[in-house]
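Undergrad: What follows is a single structure, and I will ask about it in a moment.
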Amino acid sequence: MNRNDHYPFINTPLPYSYDALEPFIDEKTMCLHHDRHLRTYIANLNRFLEENPSLQKFSLEELLSMWRCLPCQLQAPLRNNAGGVYNHRFYFNSMKGPDIPCAAPNLFEAMTVQFGSQENFRAQFKEAALSAFGSGYAWLVLDRGCLRIVTSANQNTPLTCSRTLILNIDMWEHAYYLKHYNLRAAYIDDWFRVVNWGMAEERFMGMNL
Ligand code: MN
């Protein structure tokens with residue numbers, strides 16, 4: 001795993017080519033999303049940390065765990081920019097080419113117990129993602145031993161000490177608008193075709209913390 005999780009952050013390449021998710025997520029969207037949107041969050045986070053050197057020693061996850069304890073004027077820029085970096089890296093790492101096989105036997109078994117079936121999980125996840133009004137994310141998290149589907153607005157991250165994050169889908173328009181226009185449900189269906197279930201299984205099993 002890349003340990004580029006301290007200041008100064010750099011925009012490391014995607015773990016696959018820009019066109020690897022075609023035809024479900026298009027190359028141009030991936031170029032713009034990674035090279036412009038994520039790069040901007042990284043530049044803004046580095047600029048914020050240049051101005052606040054006492055925070056430079058903390059990792060991304062530490063910054064996201066502590067923002068509530070900081071002075072008021074620092075909270076929003078830290079939450080937005082550190083969250084923007086964390087959420088995007090998590091999202092990009094949660095996908096893979098559609099033809100690459102991967103398995104998640106333990107996670108799928110837990111999903112079946114928690115949601116009744118894979119189909120039920122997908123339906124509930126899709127409903128949650130569609131319900132995220134405006135810009136945000138839907139997440140699958142492991143919370144005190146239970147799988148839960150949650151949403152977060154803007155660049156908020158549902159990190160708490162009791163939660164392990166398993167999957168997220170970016171529901172900002174820039175994640176899908178070039179290909180799917182306003183058809184958010186079609187984007188979610190396509191995203192399911194490129195989910196890296198192997199990565200989700202590693203996170204579920206605590207192998208990727
Ligand atoms: Mn995004």
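Each residue, glycine too, has its Cβ placed from N, Cα and C.
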Undergrad: Besides H88, D170, H174, which of H33, H180 does TrEMBL list for that Mn(2+) site?
TA: H33
Undergrad: Output, ordered by sequence, the same-chain residues six or more apart from H174 (Mn(2+) binding site) with a CB under 8 Å from its CB, or 'none'.
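TA: Listed in sequence order: T29, L32, H33, H37.
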Undergrad: If you average per-residue pLDDT over the domain 'Manganese/iron superoxide dismutase N-terminal' (13-96), what number do you get?
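TA: For the domain 'Manganese/iron superoxide dismutase N-terminal' (13-96), the model's average pLDDT rounds to 96.
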